[in-house]
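For reference, the structure is listed below as structure tokens.
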Amino acid sequence: MGNAAAAKKGSEQESVKEFLAKAKEDFLKKWESPAQNTAHLDQFERIKTLGTGSFGRVMLVKHKETGNHYAMKILDKQKVVKLKQIEHTLNEKRILQAVNFPFLVKLEFSFKDNSNLYMVMEYVPGGEMFSHLRRIGRFSEPHARFYAAQIVLTFEYLHSLDLIYRDLKPENLLIDQQGYIQVTDFGFAKRVKGRTWTLCGTPEYLAPEIILSKGYNKAVDWWALGVLIYEMAAGYPPFFADQPIQIYEKIVSGKVRFPSHFSSDLKDLLRNLLQVDLTKRFGNLKNGVNDIKNHKWFATTDWIAIYQRKVEAPFIPKFKGPGDTSNFDDYEEEEIRVSINEKCGKEFSEF
């Protein structure tokens, strides 16, 4: 690297530092005094279910006054308690209302009633990366790199706030109208200084240290980034099997095989991210995220232009106008039932 290039890189890293320091101030204000009860169920017209989970569903809704569309996440308090997800759910809302980044889905309103918790988020009509990846088969390396760069920046932002995301997978990445990523589902996100021990995540994406019940840190997100980049570029994840236990055996073995079409730069990056030895894993070394940002596979990436959303996206989802749900699957519709008695008031008092 020439002197001029080195100087440019140095000044870029300085301005990132300044940006993150300011971002932390903004985050901490909202983290310390979270917004509560900023809307009511009656203000929204419910249109269609976009997805379902073990303790709730996500619906497309329309704000009756403004006509704006949103994605409303509805969580059944009693089911959340039964599945021991109280802490995770409170984390999700507290974190989402405090963060602000171009590739994180925005929480617009949150409220609760006798039966449910509600998180009303920006509606991202392009659907999940998962469905586009399965349809296309695999992404070209430049296509995968465009998405990967956004995740790198997002993790750099989250980690600077002491947040671990813990749930990276194509199902949690939505594609917006400009073809950029919106990370959704902060159900497993957590603010941690140092290490944590909870077993959570998706089998294919779990880092070895989580499987081995060791204390772990934000390096688990960089491992998951390696899994995601592999899956985007190959069309299948690096470790897969019929049963979770078999997947776990492959993950902790430290062996990974690459398709012959992977470039040597991509293989090199992945060996450094899918690195079982934490003292060698990229993102977890003394240079932090810069080992990843300065890697040869990302040589063509203009990080500032990605952040500013100035890079032309490789793929724009089909979009037929506001409220279009054609990029989402169909689900059986169900009435939202609200009890006349308050359920689990104590458990969710801070929501």
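Every residue, even glycine, has its Cβ placed from backbone N, Cα and C.
Keep in mind that what you see is a predicted model, and the values were worked out from it rather than measured.
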According to Swiss-Prot, phosphothreonine sits on which of THR38, THR49, THR184, THR279?
-> THR49
With Swiss-Prot open, pick whichever of THR66, THR196, THR300 is annotated phosphothreonine.
-> THR196
Residue carrying phosphothreonine as stated in Swiss-Prot, selected out of THR52, THR89, THR198 = THR198
Residue among SER54, SER213, SER339 with Swiss-Prot annotation phosphoserine is SER339
Of all the binding-site residues given, LEU50, VAL124, which has the fewest Cβ neighbours within 10 Å once its own Cβ is left out?
-> VAL124
10 Å Cα neighbourhood of TYR331 (phosphotyrosine): matching binding-site residues from LEU50, GLY53, PRO170 | LEU50
According to DSSP, does PRO170 (ATP binding site) fall in a helix, a strand, or coil?
-> helix
Under DSSP, is GLY127 (ATP binding site) helix, strand or coil?
-> coil
If you rank the binding-site residues GLY53, GLY56, GLY127, PRO170 by how many other Cβ atoms lie within 10 Å of their Cβ, the lowest count goes to GLY53
